[in-house]
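Q: For reference, TrEMBL lists these features for the protein:
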{"type": "ACT_SITE", "residues": "135", "note": "active site"}
{"type": "BINDING", "residues": "92, 134, 138", "note": "Fe cation binding site"}
{"type": "REGION", "residues": "195-226", "note": "region 'Disordered'"}
């Protein structure tokens, strides 16, 4: 079963490789990702965030599982054009309880494939534009902390250390392999270019210690979790 990974899991810093084919395994991964996203009260989730270094992500800007018509899947996405800049606060499911203002383009044009393999190209703005840019960053190994201004980064330094300490505690407890093993696995998966069946199997993973990830699901009002 897939699970959301938190900083500093190496998948979050790996530049993803294109998806080679859209098959039933990709569709199964997408279903699991939507489930994880809703459980964490997020509006978007990139494959990197579930330790799959492949170029796809899912979005539902309403964050409401009762509105499946708002679900979007973006496979091998490209941002073709950006217009103007706006600064708004963001959160990230891989950086639970950490929030800060991020400057992004107000309007973008993107190209991607959907889950049926159809090419799509659209101009979008508002929250959808911001969410696409956030998830596209994930595919390139970029986190919101990389886009923070220095004062915002400094204000969040203690929180980032807490997130890393929680991950290391989970790792020491056997929930994660050592760093070298995780990095090797990320490189292996990236080389495949497809979703291997074994990552979708097995029981749900146990919760991480201290409940840090669960606490992160409660964002301040109007702050998107991605």
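The count begins at 1 with the first shown residue.
Cβ coordinates come from backbone N, Cα and C, glycine included.
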Q: Taking the mean position of the Cβ atoms of 92, 134, 138 as the Fe cation site, which residues outside that list, in the same chain, have a Cβ no more than 8 Å away, listed in sequence order?
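A: So the additional residues around the site are 44, 46, 49, 90, 93, 94, 135, 137, 143, 144, 226.
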Q: Name, in the order they occur in the sequence, the residues of the same chain whose CB lies under 8 A from the CB of residue 135 (active site) and which sit 6 or more residues away.
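A: Same-chain residues close to residue 135 (active site) (Cβ under 8 Å, separated by 6 or more) are 44, 45, 46, 57, 59, 74, 226.
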Q: Tell me the Cβ neighbour count for residue 138 (Fe cation binding site), meaning other Cβ atoms within 10 Å of its Cβ, over all protein chains shown.
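A: For residue 138 (Fe cation binding site), the 10 Å Cβ neighbour count is 25.
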Q: Specify the count of other C-beta atoms within 10 Å of the C-beta of residue 92 (Fe cation binding site).
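A: The answer is 29.
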Q: If you skip the near sequence neighbours and keep only those at least six away, which residues in the chain come within under 8 angstroms of residue 134 (Fe cation binding site), Cβ to Cβ?
A: 44, 90, 92, 102, 104, 144, 224, 226
